[in-house]
Amino acid sequence: MSSQSHPDGLSGRDQPVELLNPARVNHMPSTVDVATALPLQVAPSAVPMDLRLDHQFSLPVAEPALREQQLQQELLALKQKQQIQRQILIAEFQRQHEQLSRQHEAQLHEHIKQQQEMLAMKHQQELLEHQRKLERHRQEQELEKQHREQKLQQLKNKEKGKESAVASTEVKMKLQEFVLNKKKALAHRNLNHCISSDPRYWYGKTQHSSLDQSSPPQSGVSTSYNHPVLGMYDAKDDFPLRKTASEPNLKLRSRLKQKVAERRSSPLLRRKDGPVVTALKKRPLDVTDSACSSAPGSGPSSPNNSSGSVSAENGIAPAVPSIPAETSLAHRLVAREGSAAPLPLYTSPSLPNITLGLPATGPSAGTAGQQDAERLTLPALQQRLSLFPGTHLTPYLSTSPLERDGGAAHSPLLQHMVLLEQPPAQAPLVTGLGALPLHAQSLVGADRVSPSIHKLRQHRPLGRTQSAPLPQNAQALQHLVIQQQHQQFLEKHKQQFQQQQLQMNKIIPKPSEPARQPESHPEETEEELREHQALLDEPYLDRLPGQKEAHAQAGVQVKQEPIESDEEEAEPPREVEPGQRQPSEQELLFRQQALLLEQQRIHQLRNYQASMEAAGIPVSFGGHRPLSRAQSSPASATFPVSVQEPPTKPRFTTGLVYDTLMLKHQCTCGSSSSHPEHAGRIQSIWSRLQETGLRGKCECIRGRKATLEELQTVHSEAHTLLYGTNPLNRQKLDSKKLLGSLASVFVRLPCGGVGVDSDTIWNEVHSAGAARLAVGCVVELVFKVATGELKNGFAVVRPPGHHAEESTPMGFCYFNSVAVAAKLLQQRLSVSKILIVDWDVHHGNGTQQAFYSDPSVLYMSLHRYDDGNFFPGSGAPDEVGTGPGVGFNVNMAFTGGLDPPMGDAEYLAAFRTVVMPIASEFAPDVVLVSSGFDAVEGHPTPLGGYNLSARCFGYLTKQLMGLAGGRIVLALEGGHDLTAICDASEACVSALLGNELDPLPEKVLQQRPNANAVRSMEKVMEIHSKYWRCLQRTTSTAGRSLIEAQTCENEEAETVTAMASLSVGVKPAEKRPDEEPMEEEPPL
């Protein structure tokens, strides 16, 4: 049938009838199923019969229009009904909402009212409690007042026969106040060592007699005890006390005896039972210890030269002639063993103080064994000290009170302080120049100082500062003081050398170039001292040849010899005019003074080293490179300079560079757990190389700090000045050259430190020096390899550098070490082709930026890219360079995330198909490797996530060694798992030394790279095949394993060899000898 019927018997075109109202349909006649009544066979050509009943009972024509109108009316009625119901619901909701709001507001008012009532009740209770307390206090005061009045009344009304020796409450309070003031005065006198300059004191001293009960013992007068002038009494002054009749006179008599003994003017009339030590104990004030320059006899303004009689009549005992006025450190300690209030220990971490050696209050029982051990070590120290000529330390160390009463925690400190004291007679003095001090603060005792300089300046008493650390145990505190002494000695020695050089430049300036003062870096003190020690250790006359002739021909002739010239003849001697005689004599005097100064500095160095070794701490200034005198030095301006012996040539092997100064670059928070890039990285690598013996097989070279000019070959001037200077030398720079204040550049990190971002921490004191040192170490190593002094090299440096851009530090990096080294190779050695391979798991965006348009530097990076979703987001395969550098920037960017992570098979395949073919076609002169090891297994996902083995990097290094004649330098970049980076560094150094590497596992050799790696390699080869022809034949081998690729290469090599052995050319016919005639054929 052409039309399908619906289950209800209606055709498809009549379906709208179903929209009728069901009530209306009920009135319609029901349909009759007549399907069974139809004949079974219907002719095909017959018209289909319509069996609907509505055709049989057809309605009028106007019925559909009416039906439609009724339907619309019903719809409108329904809508109106729904609208009414909706309004009713909304009204009900608003009514309930208002009702609930009123209830809530009422509850709030009720709650607030209750709270206010509670607060009012509480306040009322507090007021009542306060009133009760006030009333109770008033009642107590009234009772106390009544009680006192009753007592006073009883005292007034007492009978004469009763005893009255009991002192009243007022008298007891006065006595207690007097005793406390006296104790405070005694303690204050022990600290100040200075006689009061109050005018009331001088007036009172002359008015009061020795029998006055109101005057305290005058062995030492305190500034806090003021003697009032008659008629001038204040509320704070102490009134003289009336002695009662019942007070015993024994105490008064003892005081009188003491005062009479102290006021005797002549020491011959002193009592036999008053020894000298007693006076010293009772009166710690000494002539040299006092800071006052006037005697009490004539007031504060008179000089300190009054006689003993004047002192006696003023109540101050003079110095005893049998005791030296200039007491030593140990003698002052012995004199103060009975002091009532010992001085507090001052342990400043920055400057050693002589008060460190003062004894403690007394030894404890727990330190008896330690004191015995210290007593046993004293004779050994005395024997070692006996080697010093002219020393006075033996009686100090053998003093029994010092051993007996010295505190256990401070006795080693005192021994160390005494050991460091060197007599002035040891250093040769130059007339008119004075001696150079050995330490920043003198530790020499008063009995060893010349009388002309024994007077001390006035000072305030020392006490513990709020920032000073608490006293530690003996060993830790001694070690701290020794470190501080060593650092101060180095600082002082450096300052002396700079002052001497400045003085020499002033005396004999060179007209061709101005004098230049070197930059001063606090962290370079020990480094510069090592450099200058070579200059100090050489004999002065050996460094200045021709000086003996100058001594012989002082004012007559000066022989001029050529500098570093063996072929040219020396100029003939010329006579010096009489007018030039005086300058020659001045130069001769200056040379003699300079000779003595340098000898004195050498002597001080040796004495210091010997004293530190005597204290049990060996001090060595390390090795140094031989220094030649610069042409701008004062000596070279006037004297001939001898040709220095050439330095020892390093072994032609692998070079290593490392410096402990780079360890100081750390966050100020002091914790390395929250900072992956920490000092333990390079320290662990250096220890591993030493433990395995690889360090001994290599040549360790000395690094240096890169100059600001070298850094500016890659970075901007503002960036270099901001991150390449410390606070000391930054003040000398022009503020206009800096981009802005440091506060706008650095941020506060969550750990409490400071940094550029959450990764790149900044230490204001040490970060600039460490970053410059890392660049300088890489530059030194690269130049030694490029010039052929070393075979290859590995730089153990930090902070890394391949993320540092021209003006932006990021990713732990401040200066791009490898990029600076490459730029300097181009500028100074004219190296035409440089290959930089970066196998850090992060893309080296800074290195790419530096050489993006340079065709002489081929930059190849193997890194995790993940379509730009991995830090730093750069390094896409289509970043090929710009301008003339197109094609010389190759990014082997791995995509696909960590499903699965890349491993040895993927990196070996990338080297085989992309890196080595392009590098071989480029044919570099030097190979530099940004050797980051964060792709080694063991790193978390944010820092790498790949699963390369450490030995794989050894094989990658071995492949790169086949380029550039083996001139390759690896510089440490990333890598934060200590075990991983130590294993990888060991493998790379072993490969550089040419050692046999551990074989790769068979599984790695047979493993094919995963699909993500194959797609990444094919994309790179597709992009760069237009620039490098070698990639056209390696595209098909990207998905093969290492064994399959080697087998295929061997087969191709055999095929090429076989084809080369076959030749289709015809060999030329051999010529017959001319003398051999051709045989004629016989005639037929």
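Yeah, the Cβs are placed from backbone N, Cα and C, and that goes for glycine too.
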Exercise for the section: Can you dig through Swiss-Prot and tell me which residue of S322, S350, S442, S853 is labelled phosphoserine? Expected result: S350
Practice task
For the set S215, S450, S633, say which residue Swiss-Prot annotates with phosphoserine.
Solution key: S633
Handout entry: Which candidate, of S224, S632, S1041, Swiss-Prot gives the annotation phosphoserine
Key = S632
Practice task
Scan S246, S636, S642 for the residue that Swiss-Prot records as phosphoserine.
Solution key: S246
Practice task
Name the residue among S265, S386, S467, S620 that Swiss-Prot annotates as phosphoserine.
Solution key: S467
Handout entry: SUMO cross-link per Swiss-Prot (candidates: K81, K559, K697)
Key = K559
Practice task
For the compositional bias 'Basic and acidic residues' (133-163), find every same-chain residue at least 6 residues outside the stretch whose CB is under 8 Å from a CB in it, and list them.
Solution key: 169
Handout entry: the region 'Histone deacetylase' (655-1084) [mean pLDDT, rounded to integer]
Key = 90
Completion exercise
Same-chain residues at least 6 positions away from H803 (active site) with a Cβ under 8 Å from its Cβ, in sequence order, are P809, M810, G811, F812, C813, H842, G844, N845, G846, P872
